Amino acid sequence: MSDKTYPPSDEFVANAHVDAAKYKEMYAASIEDPSAFWREQGKRLDWIKPYTKVDNVSFEPGAISIKWYEDGTLNASANCIDRHLETRGDQTAIVWEPDDPEADARHITYRELHEQTCRLANVLKDMGVKKGDRVVLYMPMIPEAAYAMLACARIGAIHSVVFAGFSPDALGARINGSGARVLITADEALRGGRKTALKSNADAALLHCDDRVQCLVVKHTGGQTTWTARDHDCKALMAEASTDCPPEEMSAEDPLFVLYTSGSTGQPKGVVHTTGGYLVYVAMTHELVFDYHDGDIFWCTADVGWVTGHSYIVYGPLANGATTLMFEGVPTYPDASRFWQVCEKHKVNQFYTAPTAIRALMGQGDEFVTKCDLSSLKLLGTVGEPINPEAWNWYNEVVGKGTRPIVDTWWQTENGGHLITPLPGAIATKPGSATLPFFGVQPAILDPQTGKEITTTEAEGVLCIKNSWPAQMRTVYGDHERFEKTYFADYPGYYFSGDGCRRDADGYYWVTGRVDDVINVSGHRMGTAEVESALVAHPKVAEAAVVGYPHNIKGQGIYAYVTLMSGEEPSDELRRELEQWVRTEIGPIAKPDLLQWAPNLPKTRSGKIMRRILRKIAEDDYGSLGDTSTLADPSVVDGLIEHRLNKG
Ligand code: ATP
Ligand code: MG
């Protein structure tokens, strides 16, 4: 892994909210007296009844309990909308960029956001939705998705957003799991010029749900025809509804939403986030990690179906009175220039995306980027997987012209917001490292064998967090035991992330992937991410996934799945070249024992490579692939199995 450092420019530092000295001082203060630190940060929000208590947390096995600002009351939607009306009523809250580049973009002001949210909140109330009820959202990336989330928050209903790419089965399971009585969906979603029949999927899902579930349908494309007794026309009802809906007074610890993890490692978990601490934390990280300044245009390319969309399209930016961009489409439609065209068109200042998108676009060539005017960009960000240094360098040089800080943010659905990340004006970055902890976060690296914390600066092991932060998940929906078992049982007294990690001599953290992704080859422990990064660094390789498999002599062997750049053809010669390449890049120990050409890799709907499935294929174990319901394209797996059987 690269150890070259990239400090922010003097110009960036001069304007930044936090510089190196301030980071050190504030971090120390946040660790010395967390209650005082977070008491102060809580003032970012408007409270109905101010809190007197700040943190009340127990990581004690059998008694896990996490509470922040517990005696305060507030409303999240009022914090994201109402409090901005006086000063920002006419400012754009949401820029909406449609799938079709020829269609009109929309600029929704805070005043309009207020009006629409209140209307939808009143529609929900009229349908009988009350404080504490669950509402499932199955929505395209349209403004109504944000209105729906905020409308739920306004009346105290708990939203559970299900990514619109999920199947009827996955949707039905989540409706039943949450006991929701209202589903909000749209006729169709439009992505990359292709329509997905959301309403038909919803109909299929609802066949397996309680008859009393009602369905609010947003007519978006106009393409849906079937209509049943439980369906309501969302826009028509909104048009008739009142624009006045007083926000419900919520306790800081009332749930704001339930959201399922992406399922890369097993069955998705229903993560519960509450109101006060979550909102304080996402507002703070949005401002400081992206160095957001008043008037900036912020674009997070995630889908609202993921936590990244919750925290950094909706709640964080809107709590800060920011302008947030919401994009309906995909990075490669009409062509691989779309992201950059949108940046140019809307003069985007901060751009936040995932390594999977960067790798895909990198494979298409630089011209798609260089033909656009990206001069408005001030900062780039990534989240979701470890970013290979090769992809980082491309992002930095081709997109950022070598002058924009890159924030590689490590966090999880469970965390609510960034935990390990550079602060762009304070911390010199290293390609592939998420660098240092955010304020109030105390990472710990534990030895997986002994379970003991490794206290030397240089360390390698499993990544845990020693203390709580305000946006930490509170429980698994309806299953507190699973919460305790998953996150607090293996290493008592710590929050266990499930990720492997290395800390270098500068104290920088390098997340190496899931703990399960560490392989042991002839007694050498090695993160699969390292081998993948070496492969991706080869000019003909677009993507790679590496897993371990049982090997008679070495204990574990290295199995590499390789996707080539568009236009490259697999050959035995290239196979040998790649094996040799890894030998030279890392060492003979890392040479793949088996290398399989993979036209595509199995990914979750959020774009993460599902290594647990690749592991099964490598082990020749096709019978028990586990939960595959969150796979983006299940046929990819069949293709790989077939190839494996033919020893391709
Ligand atoms: P499941 O928990 O159901 O298996 P998941 O872990 O993929 O799904 P998420 O919460 O979406 O669900 O993803 C969090 C994980 O993504 C982290 O645990 C980590 O493995 C990875 N990750 C996120 N950001 C980064 C980053 N900047 N660097 C390295 N890894 C990252
Ligand atoms: Mg996870």
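Keep in mind that glycine also has a Cβ here, set from the backbone N, Cα and C atoms.
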Out of ARG482, ARG514, which one does TrEMBL list together with GLY384, GLU385, PRO386, ASP408, THR409, TRP410, TRP411, GLN412, THR413, ASP499, ARG525 for ATP?
ARG514
Report, as a single number, how many Cβ atoms besides its own are within 10 Å of the Cβ of GLY384 (ATP binding site).
22
Do you know the DSSP helix, strand and coil residue counts for the domain 'Acetyl-coenzyme A synthetase N-terminal' (23-80)?
26 helix, 11 strand, 21 coil
Densest Cβ neighbourhood among GLY192, GLY193, PRO386 (binding-site residues), 10 Å radius:
PRO386
Check the DSSP secondary structure of THR308 (CoA binding site), expressed as helix, strand or coil.
helix
Name the residues of the same chain, 6+ apart in sequence, whose Cβ is under 8 Å from the Cβ of HIS538 (Mg(2+) binding site)?
GLU577, LEU578, TRP581
Looking at the recorded positions ARG191, ARG583, LYS608, which sits with the largest number of other Cβ atoms within 10 Å of its Cβ?
LYS608
For the Mg(2+) site given as VAL536, HIS538, VAL541, which other residues of the same chain have their Cβ within 8 Å of the site's Cβ centre?
GLU390, ALA534, LEU535, ALA537, PRO539, LYS540, ALA542, GLU543, ALA544, VAL562, LEU578, TRP581
